[in-house]
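Asks: The structure follows.
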Amino acid sequence: MIFPIQEFENLETPFYYYDLKLLESTLKAIKEAAHYANYHVHYAVKANANPEILRVIQQAGLGVDCVSGGEIKAALNMGFAPSDIVFAGVGKSDREIEYALKSDIGCFNVESIPELEVIQMIASRLGCNANVALRVNPDIDAHTHHYITTGLEENKFGISMQMLEKAISYCYAQPNVKLIGLHFHIGSQITTNEPFRILCERINDLVKQFAEKGVVFTSINVGGGLGIDYDDPDRNPIPDFKDYFDTFNKYLKLSPKQHLHFELGRSIVAQCGSLITRVLYVKEGLKKKFVIVDAGMTDLIRPALYQAHHKIENITSKSDVTDVYDVVGPICESSDCFGQDETLPLTKRGDLLALRSAGAYGEIMASQYNCRNLPGSFAK
Ligand SMILES: *Cc1c(COP(=O)(O)O)cnc(C)c1O
């Protein structure tokens with residue numbers, strides 16, 4: 001990636017830099033790869049709700065997947081059509097449900113029978129109807145696919161396959177609830193096709209099983225989860241969307257009237273973002289050298305939270321000589337570390353580092369711990 005370093009010089013660090021050209025190319029690749037009839041791509045707003053990012057995605061014609069009333073509000077403000085908004089989440093509050101109903105959103109992805117009861121109650125009070133899709137927990141085997149974290153039987157997400165029939169009957173008994181489909185989301189940062197193929201087979205079985213009972217789903221939502229290349233963002237700046245959508249086209253049996261929805265977050269926005277931070281000090285320890293930067297876990301929490309690693313680049317050093325450093329932030333927590341034994345060009349106070357692939361679950365997860373300022377942003 002080429003960074004507009006000259007323009008960085010006047011900006012206060014740390015800040016997020018977004019390469020909007022790369023975002024546009026990514027969206028174009030999605031459009032080309034998802035060309036199949038009845039395929040609809042939504043953007044999972046929770047990955048990044050920066051207005052500049054949302055604007056580009058809105059202009060590209062995607063829908064959105066929201067997990068809070070605040071995200072619905074951000075999407076509506078940005079001009080997304082209410083009918084293109086789906087609302088997911090295990091713990092929707094009464095106030096959020098009321099707001100979503102009044103906004104006339106496209107669909108609620110419902111995760112439990114108690115939630116259905118509340119949606120029915122509020123919709124009845126408001127005199128409107130709620131389209132719902134039931135989020136099914138497909139219980140895809142974690143032992144063979146350890147990267148899947150949300151599709152297991154015993155976790156808080158979704159309705160188990162055993163309880164699905166009860167939830168469907170419940171929907172049919174509610175006058176203000178209209179069941180339109182099934183929703184799935186099996187995890188995140190999935191880098192092989194295998195889990196998606198298994199998901200397709202689970203869906204085929206479920207759809208067939210319920211079709212025999214006269215239950216027709218017009219909407220199938222397969223969630224998100226497509227992974228990106230954190231190790232080498234310049235080799236793979238755009239994920240292999242063709243392979244991803246082709247997998248669904250190959251394995252999922254859709255009837256002509258069925259619509260297939262996707263909710264991609266990370267794979268759309270991760271690679272276009274970098275956290276730009278300035279080196280404050282280079283400190284020599286007994287055996288190690290530490291590069292202490294002005295960004296910390298408050299600006300990018302993924303390394304501290306999930307031991308994630310973002311590629312680190314010194315974007316201003318002109319040195320041909322390299323050295324090995326631990327790159328750490330200023331926060332009073334040992335987990336505030338971006339990389340150990342990183343080989344970087346000779347690094348000195350004042351250099352700018354880029355923490356790459358930080359466009360997803362970066363800026364949006366920033367906090368003010370230690371009374372720090374939130375990171376700024378610069379999109380171009
Ligand atoms: C987080 C989430 C997504 C997006 O996941 P990515 O891994 O970022 O693609 C999609 N759908 C639901 C329900 C989610 O919770």
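For all residues, glycine too, the Cβ spot is worked out from N, Cα and C.
Curation does not apply to TrEMBL; its annotations are automatic.
Feature list, courtesy of TrEMBL:
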DOMAIN    15-359  domain 'Orn/DAP/Arg decarboxylase 2 C-terminal'
DOMAIN    26-270  domain 'Orn/DAP/Arg decarboxylase 2 N-terminal'
MOD_RES   Lys46  N6-(pyridoxal phosphate)lysine
BINDING   Gly225, Glu263, Leu264, Gly265, Arg266, Tyr361  pyridoxal 5'-phosphate binding site
BINDING   Arg266, Arg302, Tyr306, Glu333, Tyr361  substrate binding site
ACT_SITE  Cys332  active site, proton donor
Asks: Rounded to the nearest angstrom, how far is the Cα of Lys46 (N6-(pyridoxal phosphate)lysine) from the Cα of Arg266 (pyridoxal 5'-phosphate binding site)?
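Replies: Computed Cα spacing between Arg266 (pyridoxal 5'-phosphate binding site) and Lys46 (N6-(pyridoxal phosphate)lysine) is 9 Å.
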Asks: Where Tyr306 (substrate binding site) and Tyr361 (pyridoxal 5'-phosphate binding site) are concerned, what is their Cα separation in Å, rounded?
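Replies: The separation of the Cα atoms works out to 11 Å.
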Asks: Between all pairs in Gly225, Glu263, Leu264, Gly265, Arg266, Tyr361 (listed as pyridoxal 5'-phosphate binders), what's the biggest Cα distance, rounded to the nearest Å?
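Replies: Greatest Cα separation within the listed binding residues comes to 15 Å.
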Asks: Could you work out which of the binding-site residues (Glu263, Glu333) has its C-beta surrounded by the smallest number of other C-beta atoms within 10 A?
Replies: Glu333
Asks: Check the Cα-Cα distances from Gly225 (pyridoxal 5'-phosphate binding site) to the recorded positions Lys46, Arg302, Cys332, Glu333 and tell me which is shortest.
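Replies: If we rank Lys46, Arg302, Cys332, Glu333 by Cα distance to Gly225 (pyridoxal 5'-phosphate binding site), first place goes to Lys46.
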Asks: Have a look at the binding-site residues (Tyr306, Tyr361) and report the one with the fewest Cβ neighbours inside 10 Å.
Replies: Tyr306
Asks: Look at the recorded positions Lys46, Arg266, Arg302 and tell me which residue has the greatest number of other C-beta atoms within 10 angstroms of its C-beta.
Replies: Arg266
Asks: For Leu264 (pyridoxal 5'-phosphate binding site), which of the recorded positions Lys46, Arg302, Cys332, Glu333 has the nearest Cα in space?
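Replies: Nearest by Cα distance to Leu264 (pyridoxal 5'-phosphate binding site): Lys46.
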Asks: Cβ neighbours within 10 Å, counted over all protein chains: which one of the recorded positions Leu264, Cys332 has the most?
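Replies: That would be Leu264, with the most Cβ atoms nearby.
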